[in-house]
């Protein structure tokens, strides 16, 4: 069942439709995408076999009176990362590795924690049940110390086993929100109807389990911050620009929000845009959606959407719209370090327009939040800025 059109006339979306046609043409030139949308899941038997192989290595070492060692790809070094425009940041095939030794005072606890979480994962997969990262932490919170320890070990195990994290039967709580022209059925049969009202729907915790996805959306807008997302809903932006979809990861996106954006792109190939603050932090968040992160580079094919475009707020917009300097914020030392870091990343070389925008920021030594547009009018963002950008192709 299709959605009834309530937004602007069809001619409004002419440039968007042309952009979508160019994206589809680029996909065809590149040989398209895998039939499964790029997601490479491992079967339960494969996951169990991988864990058994790791444990067998531990037992073999012990039988030979040797201290067992876990060898894990080093995810914290740019030397181990390569960039492909069609995928994003991904680990090189033969990267440097780090050893977690059972006989070293520095790593013996980490070795034990990996074994413990491996046993938990094995039981989950074997019984076809799921647990959240938080559930695992509370199995022995004193032992783990904090949630970050558990999160890092789960990523290390995923990387070590060469298995996507979603295949480990471990889910993470979603913090993202979604609104607009979208319907789907969750794994348990729950029918979800996202609307363009003032209340959004939480991003599902099991993205792979959703099915029967229906949308007529012309574009997907990723909004960096929850406050901006809610303001757009309050201003009725979603209805006036219908059919469209809006998503927010409430800052740095969680895994499920990234998986949802990826699934919507793989399924519908509609244009995807980002609305972020004109500051280094906002740019990095946009890059995570588009090209991925170093920490999750071993799973880039499942998470990145290189077709994403930067809609705003562009540093060049600040001068173009005559936004007063007293509404801007000086770059801190930390901001400047972050900006320098992003400018050195491999994907910037294929994004000359992005580089130019970041250089404008660096030269001005100023940053701006999206809220700076309220100087022009309280609803300038929803009624003027975004509609004009979408209608006339104001993205890079």
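Sequential numbering from 1, following the chain as shown.
For all residues, glycine too, the Cβ spot is worked out from N, Cα and C.
The following features are taken from TrEMBL:
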- 2-44: domain 'Meiosis-specific protein Spo11' (DOMAIN)
- 109-170: domain 'Spo11/DNA topoisomerase VI subunit A N-terminal' (DOMAIN)
- 138: active site, O-(5'-phospho-DNA)-tyrosine intermediate (ACT_SITE)
- 219-390: domain 'Topoisomerase 6 subunit A/Spo11 TOPRIM' (DOMAIN)
- Roughly where does the domain 'Topoisomerase 6 subunit A/Spo11 TOPRIM' (219-390) sit in mean pLDDT, to the nearest integer? 94
- Query: Would you list the DSSP helix, strand and coil counts for the residues of the domain 'Spo11/DNA topoisomerase VI subunit A N-terminal' (109-170)?
  - Reply: 47 helix, 3 strand, 12 coil
- Message: Can you tell me how many other Cβ atoms are located within 10 Å of the Cβ belonging to residue 138 (active site, O-(5'-phospho-DNA)-tyrosine intermediate)?
- Response: 13
